[in-house]
Amino acid sequence: MGIEYSASSITVLEGLEAVRKRPGMYIGSTGPNGLHHLVYEVVDNCIDEAMAGYCDRITVVLEQGNVVRVEDNGRGIPVDVHPHEGVSALEVVLTKLHAGGKFDKKSYKVSGGLHGVGVSVVNALSLWVEVTVYRDGAEYYQKFNVGMPLAPVEKRGVSEKRGTIIRWQADPSIFKETVAYDFDVLLTRLRELAFLNSTVVIQLRDERLATAKQVEFAFEGGIRHFVSYLNRGKSVVPERPLYIEGSKSDVLVEVALQYHDGYTENVQSFVNDINTREGGTHLEGFKSALTRVANDFLKKSPKLAKKIEREEKLVGEDVRAGLTVVLSVKIPEPQFEGQTKTKLGNSEVRGIVDSLVGERLTLYFEQNPGVLTKILEKSIAEAQARLAARRAKEAARRKSGMDSFGLPGKLADCSLKDPAKCEVYIVEGDSAGGSAKKGRDSKTQAILPLWGKMLNVEKTRLDKVLHNEKLQPIIATLGTGVGKDFDLTRIRYHKVIIMADADVDGSHIRTLLLTFFFRYLPQIIEAGYVYLAMPPLYRIAWSKKELYVYSDTERDEALESIGKKSGVAVQRYKGLGEMDGTQLWETTMNPVRRKMMQVVLSDAVEADRVFSTLMGEDVEPRRKFIEENAIYARLDV
């Protein structure tokens with residue numbers, strides 16, 4: 001806390017020249033994700049101040065005209081003259097790429113992003129940036145246009161405040177798709193940061209509306225509160241999430257975990273507040289410790305051990321069934337790898353997390369035998385189901401001479417084999433499936449009709465999912481496998497299209513299928529492969545003409561446009577089976593004319609809550625959710 005933070009703390013690595021030419025290299029894209037990344041970069045700097053112990057309040061404001069303001073009460077960016085650059089440190093941080101106080105590890109031991117990179121990239125990709133700094137009893141101001149300072153830092157007077165305010169307007173010539181920020185997208189990330197940093201209050205305010213909208217996050221319980229938030233509305237063990245904290249060799253480890261009454265695991269892992277969606281060595285260490293400790297205690301419990309076959313052990317997926325865990329690691333030099341650079345590669349972290357978690361879990365279970373017994377019983381039940389599923393699969397393979405997940409007989413496959421050019425329609429019922437088969441382009445479009453009883457996977461363990469008469473054909477058709485066997489590179493179609501009727505039953509089937517994809521195949525949603533077909537609600541025919549419309553509003557507008565002509569006929573489609581192959585092709589399957597909705601997972605935490613509410617056991621939260629959201633539904637009752 002006593003180390004001086006001044007201009008000499010700022011290390012400069014290179015200039016800004018390339019940023020405007022190749023912005024995607026610095027912020028990932030110039031679409032909506034890249035636009036929001038500007039905010040994250042600035043907020044990350046505030047979080048770095050908080051992690052260093054100097055900031056406890058961060059405010060993000062969306063102003064009129066797509067202007068963003070981010071304010072913190074940290075030490076303020078240094079404004080004294082930089083020893084090597086000859087201008088103020090503030091100007092260096094805003095105009096030099098890789099200039100910041102993070103590189104010498106003195107001003108900041110740990111940082112969630114590269115301080116200086118973020119601010120300078122925001123400056124390079126904005127029409128203008130204004131910075132106000134409060135430090136050393138004074139207020140300082142500097143403005144930049146397209147990355148260049150308009151004047152040196154100006155001292156504006158005396159102030160007792162402390163901190164930094166950064167305002168900017170993103171450049172629409174860079175962000176051609178949109179420069180409008182999405183409140184909910186920012187809310188998701190800021191809520192996550194507040195959970196991960198329990199000492200900080202984070203406020204998000206939207207002043208673009210007639211009445212300003214504001215949320216404030218403050219979670220003194222930190223990641224323990226995060227786990228409770230993820231598990232709300234569920235029956236849980238233990239009642240209060242188990243919390244583990246410790247450090248070794250400058251690696252700080254925090255874990256909070258709790259089991260719920262479902263069967264899917266919910267693992268959220270972070271390194272320096274960065275969401276490591278692809279996992280990494282920290283997560284490997286946690287999983288290894290949890291499985292080892294569970295098996296160690298099982299050996300000491302002969303009564304429980306008898307419940308699984310001799311020579312069999314609990315495996316990771318048994319022990320993690322129904323587990324919600326948040327793992328947060330903070331390290332000085334993270335090495336990221338993987339497709340999206342969200343996988344931790346530091347080999348030393350695995351052992352540190354493994355030993356710390358193993359030691360603390362052992363101590364906790366020794367002191368809480370009741371909790372241990374409940375967790376072991378759940379894990380054993382999962383192991384029994386897994387072994388039963390394996391035996392059934394092996395028996396089916398011996399009987400048929402092939403893998404029991406061969407392509408289903410009712411699949412009408414397409415002739416092309418390039419997944420990027422192929423799509424599969426998942427259709428409820430043989431009648432709609434028949435129309436779809438007649439109307440499709442057999443070169444690129446496959447049709448999978450579903451039959452039998454649809455399973456609610458929210459209340460079901462994996463062995464039943466794998467052998468359900470409706471879900472097994474989907475798993476076989478997609479080709480990715482499921483669970484530990486999942487491999488996205490084996491997917492056979494890059495468009496998986498759910499096509500169901502527009503009535504209550506169709507909506508229920510869509511929800512059940514989306515629950516299945518979210519719980520067991522979330523990677524294909526994240527890859528952008530899942531879509532909802534939008535069949536028309538009405539066919540309007542008049543004077544040898546016809547028009548298909550997709551909502552009551554479109555119907556009313558069309559009828560008003562047609563006027564009071566005689567012979568206008570309006571047909572309401574109750575189900576897909578009412579359309580013949582040609583009509584289904586023209587309205588719902590023709591890539592040139594069809595309407596589809598891509599299923600996007602922008603907020604996994606909120607998605608988890610919605611699926612748990614809609615498909616879980618507890619009736620009251622479901623009733624409340626339906627009452628609050630009924631206005632948004634489009635159902636034919």
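Every residue, even glycine, has its Cβ placed from backbone N, Cα and C.
So that you can see what the record holds, here are the features copied from Swiss-Prot:
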BINDING   Glu428, Asp501  Mg(2+) 1 binding site
BINDING   Asp501, Asp503  Mg(2+) 2 binding site
DOMAIN    422-536  domain 'Toprim'
SITE      Lys453  site 'Interaction with DNA'
SITE      Asn456  site 'Interaction with DNA'
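Features per Swiss-Prot, on structure.
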| residue | record | DSSP class |
| --- | --- | --- |
| Glu428 | Mg(2+) 1 binding site | strand |
| Lys453 | site 'Interaction with DNA' | coil |
| Asp501 | Mg(2+) 1 binding site | coil |
>> Just to confirm: which same-chain residues, 6+ apart in sequence, have a Cβ under 8 Å from the Cβ of Asp501 (Mg(2+) 1 binding site)?
In response: Glu428, Ala432, Pro535, Lys574, Gly575, Leu576
> Within 10 angstroms of the C-beta of Asn456 (site 'Interaction with DNA'), what count of other C-beta atoms is obtained when all protein chains are considered?
Replying inline: 14
> Sorted by position, what residues of the same chain at least six away from Lys453 (site 'Interaction with DNA') have a C-beta under 8 A from it?
Replying inline: Asn468, Glu469, Lys470
> So for Glu428 (Mg(2+) 1 binding site), how many other CB atoms are inside 10 Å of its CB?
Replying inline: 25
>> For the domain 'Toprim' (422-536), report the average pLDDT of the model, please.
In response: 86
> What is the number of residues in the domain 'Toprim' (422-536) that are helix, strand and coil, as DSSP sees it?
Replying inline: 54 helix, 22 strand, 39 coil
